[in-house]
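Participant: Checked TrEMBL, it gives:
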- 21-291: domain 'YjeF C-terminal' (DOMAIN)
- ALA56, GLY106, HIS152, ASP228: (6S)-NADPHX binding site (BINDING)
- LYS194, GLY195, ARG196, VAL197, THR198, GLY227: AMP binding site (BINDING)
Amino acid sequence: MTQAPSDPVSGPEPTAWRDWSELAAAECVKVPGADDDKYTRGVLGVVTGSAEFPGAAVLGVEAAVRTGLGMVRYLGPRRPSRLVLQARPEVVTVAGRVQAWLIGSGMNSATRTESAGELLAHALDDGTPVVIDAGALDLVGRVTGPAVLTPHAGELATLLTAAGFEVDRRAIAAEPERWAETAADSTGCVVLLKGRVTHVCSPLRDGVRTAARIEAPSSWAATAGSGDVLGGVVGAVVATHADEAGDPARLVALAATGAYVHAWAADRASNRGPIAALDIAAAVPRIIARLASGSAD
Ligand SMILES: NC(=O)C1=CN([C@@H]2O[C@H](COP(=O)(O)OP(=O)(O)OC[C@H]3O[C@@H](n4cnc5c(N)ncnc54)[C@H](OP(=O)(O)O)[C@@H]3O)[C@@H](O)[C@H]2O)[C@@H](O)CC1
Ligand SMILES: Nc1ncnc2c1ncn2[C@@H]1O[C@H](COP(=O)(O)OP(=O)(O)O)[C@@H](O)[C@H]1O
């Protein structure tokens, strides 16, 4: 999974992409112990949703809660806040300390309100680990702590074009490894590029890069809101291991575990038939339980 230091004469070795296994994912699932409380388990701050896309807030929060963590703090406009509380009364909608942030799902950078901009700036400014999706990807230059970007190919094309690369969605789909690596190097963040095969990699540092891939067992997860659910799962896994997120190899492991859980939850929910995004979130606890118990059922 981790690339050896590069040879100064022949240049960097091609990245070794590790297929993320059940064993590797199981190692990133935290089971609460007797001394744990809701704060030690990890609190995820969520700044997602908008008047345009309130449902994305519900989907991400639902998925985070289902993944298992101490608490979710949701901060957003009135309508998504109301919907989030209707779906999940356990969510807290007042500001406070968090171990990680999930931002951007269900937001549109072109129509961002001033108050949304302030919440996003707050999440990005204090060095807390952050998962950045959809309508917050344009703020990648403001990152101050460990960060995972979760673009689909269209969003990655927009991000790379803004950084001066000539690339479109089709080119990224044709060479996802190359463009995920380029984006990681250009932004300094871990990049999780979504698709039937999801690619997760760290920036190259001192000749070392960590890279993992997750091939979904089917394509039923290609449905509206599925990526919003993924954001919640990855956010929860990072929040429960926030003290490790400063190590790029660990951050890749945590993000890859989120993608693994999402892909297999979709498979479990689908049972070879169609699914909605919320069905994926509902199946997440069974995948976490399987990983936590080490049993393959
Ligand atoms: N219920 C809710 O609240 C939901 C809320 N949602 C929220 O909606 C927001 C918009 O997100 P979005 O991905 O739908 O559109 P957007 O980023 O504007 O795409 C721009 C262009 O990119 C391309 N493209 C699109 N998808 C692609 C893909 N998978 N893989 C590759 N390429 C893809 C395509 O370009 P084209 O094919 O035309 O070249 C498209 O025109 C976002 O905040 C999200 O969280 C959604 O999650 C749905 C449920
Ligand atoms: N063909 C596919 N097969 C399996 N999973 C897919 C496929 N296409 C997309 N996905 C997964 O579905 C999710 C879609 O995310 P995204 O494109 O952000 O959708 P949305 O914005 O509607 O939530 C991602 O987790 C991605 O990996």
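Along the chain as shown, the residues are counted starting at 1.
Positions of Cβ are set from backbone N, Cα and C atoms, glycine also.
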Participant: Could you state the whole-number distance in Å separating the C-alpha atoms of ASP228 ((6S)-NADPHX binding site) and LYS194 (AMP binding site)?
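Facilitator: It is 11 Å, counting Cα to Cα.
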Participant: On average, what pLDDT score does this prediction assign to the domain 'YjeF C-terminal' (21-291)?
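Facilitator: The answer is 98, the mean pLDDT of the model over that range.
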Participant: If the (6S)-NADPHX site is taken as the center of the Cβ atoms of ALA56, GLY106, HIS152, ASP228, which further residues of that chain fall within 8 Å of it by their Cβ?
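Facilitator: Counting only non-site residues, the set is THR48, PHE53, LEU59, GLY60, SER105, ASP133, ALA134, GLY225, GLY227, GLY231.
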Participant: If you count the C-beta atoms lying within 10 Å of each candidate's C-beta, which of the binding-site residues HIS152, ARG196 ends up with the smallest number?
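Facilitator: Output over binding-site residues HIS152, ARG196: least Cβ neighbours within 10 Å is ARG196.
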Participant: Do you know which of the binding-site residues ALA56, HIS152, GLY195, ARG196, VAL197 end up with C-beta under 6 Å from ligand 2?
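Facilitator: HIS152, GLY195, ARG196, by Cβ distance under 6 Å.
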Participant: Near LYS194 (AMP binding site), which of the binding-site residues ALA56, GLY106, HIS152 can be found within 10 Å, Cα to Cα?
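Facilitator: Those near LYS194 (AMP binding site) - Cα within 10 Å - are HIS152, in sequence order.
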Participant: Report the largest Cα to Cα distance, in Å and rounded to a whole number, among the residues ALA56, GLY106, HIS152, ASP228 that the record lists as binding (6S)-NADPHX.
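Facilitator: Greatest Cα separation within the listed binding residues comes to 15 Å.
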Participant: Starting from the Cα of HIS152 ((6S)-NADPHX binding site), work out which of the binding-site residues (GLY195, VAL197, GLY227) are within 10 Å.
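Facilitator: Checking each Cα against HIS152 ((6S)-NADPHX binding site), the hits are GLY195, GLY227.
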Participant: Would you work out the biggest C-alpha to C-alpha distance among LYS194, GLY195, ARG196, VAL197, THR198, GLY227, the residues that bind AMP according to the record, and give it in angstrom as a whole number?
Facilitator: 13
Participant: For ALA56 ((6S)-NADPHX binding site), just count the other CB atoms lying within 10 A of its CB, please.
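Facilitator: Counting Cβ neighbours of ALA56 ((6S)-NADPHX binding site) within 10 Å gives 28.
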Participant: Does any of ALA56, GLY106, HIS152, LYS194 have a Cβ within less than 6 Å of an atom of ligand 1? These are the binding-site residues; tell me which, or none.
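Facilitator: Near the molecule: ALA56, GLY106, HIS152.
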Participant: Given the binding-site residues GLY106, GLY195, GLY227, which one's Cβ is surrounded by the fewest other Cβ atoms within 10 Å?
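Facilitator: Comparing Cβ neighbour counts within 10 Å for the binding-site residues GLY106, GLY195, GLY227 gives GLY195.
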